[in-house]
Amino acid sequence: MKNRYHLLERRKKLTGLLLAAPVLLGTFVFFLLPFAICVKYSFTFGVGGAYFVGLDNYKEVFSSYAFQLAAANTLRFLVIGVTLNLVLSFFIALLIKKGLAGSRFFRYILLLPLVLPIASAVMVIQVFFAETGIINHWLISIGVPMVQWMEGPSAFYVLLGLYIWKSFGYSVILLLSGLNTIPEEFYQTAAVEGAGSLKKLVSITLPMMAPHFFLAAVMGIVNAFKSYREAFLLGGKHPHDSIYMIQRLLLLLLSKSFIICFTQIRYICICQSSILFCKRNFAKM
């Protein structure tokens, strides 16, 4: 009986491997193997008689002004954007939890930006912040010179506001669901022991919300890495330096590699750009 059972289990495993074999083989041949070859070539220089140069190819990219600017902008955007998004979302979630008037209707309003296409969201922002937009029209009406919102340092804050507006609703719903999982008995016991609102927040709410904060932060980082689409739509092909992100640089580097490097047979440049592009996609995942 045991032998028959083991035979059936072995057949199931073998059947599973056979069914997965085409996918595994295709993944290895068309993805993993070419990527491994690219990694190898990225540490070499030359075609035909290529020789090992270590990290020199990467140092050339990392030492460029464009990369340093894009990396600094991306890091700044991540830190400020994700932090503001978490703080504001948690504050609104607390208000809704406390019974804010019209909270049910407010939840639907929060989800509206999630279903709004990116192009439509950018058009809404442009209605307000374009050179002839509503805000500049209002500034001129009160005697204040209009501001180049999209062509100066303020473009960073416009993009930041767009990111928070798009991510805000999802974070609020996520944190609100976390608040609803905290048993009311904890707060009642703390109240009996004389704990105030601040003590309850620090000792009960924040520790029990840690997993939900982590998930909201991860989703915020993912959405922040996707903000290069909004930056492209807002700034065009030549955006202001303040919204020049690392994703834009890597896409430009990759496209130039395939257009220029193939004509000059610079395969090393192509491999290097491809690896950096894959790292960016991995970070988004």
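A Cβ is built for glycine as well, from the same backbone N, Cα and C atoms used for every other residue.
Annotation source TrEMBL lists domain 'ABC transmembrane type-1' at 71-277. The transmembrane segment feature in TrEMBL is assigned to 75-96, 108-129, 155-180, 201-225, 245-269.
Simply put, out of 75-96, 108-129, 201-225, 75-96 has the most Cβ pairs sitting under 8 Å from the transmembrane segment (155-180). Listed by sequence, the residues of this chain that lie at least six past the ends of the transmembrane segment (75-96) yet keep a Cβ under 8 A from its Cβ atoms are 103, 106-107, 110, 156, 159-160, 163-164, 167-168, 171-172, 174-176, 179, 209, 213, 216-217, 220-221, 224, 227, 245.
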